[in-house]
């Protein structure tokens, strides 16, 4: 017995090479038309699973309807005459109409008195001006 005379017990089955000319007729075992009958890549399983998992989001999305926050400048806070500024106090003063409206304080204008802001988003410049005037942002 020599190495070149050894043969495997179960010879591995050769892959069918279809659509490579000769035999198999007109469509070569691929059927008629469609993505699976064409040459080239198939969708990889990982990508296919991702596509199946994602929801079918249909229709037009109007980006202008995304609610933008109401802008209030630091200078306007002085005119309100408030020391503690929260969402509730802004609703009481009529700056905000509804509780769900979002608001952001920007750094326009000057502060003469200390102001304490709580639960409202504030820009960097507004935060600097509020803290410089002796106020706080939480």
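Each Cβ is built from the backbone N, Cα and C atoms, and glycine gets one as well.
All TrEMBL annotations are machine predictions without curation.
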Looking at the ranges 1-44, 45-88, which is given as region 'Disordered' in TrEMBL?
1-44
Residues of the same chain, at least six outside the region 'Disordered' (1-44), with any C-beta under 8 angstroms of its C-beta?
51
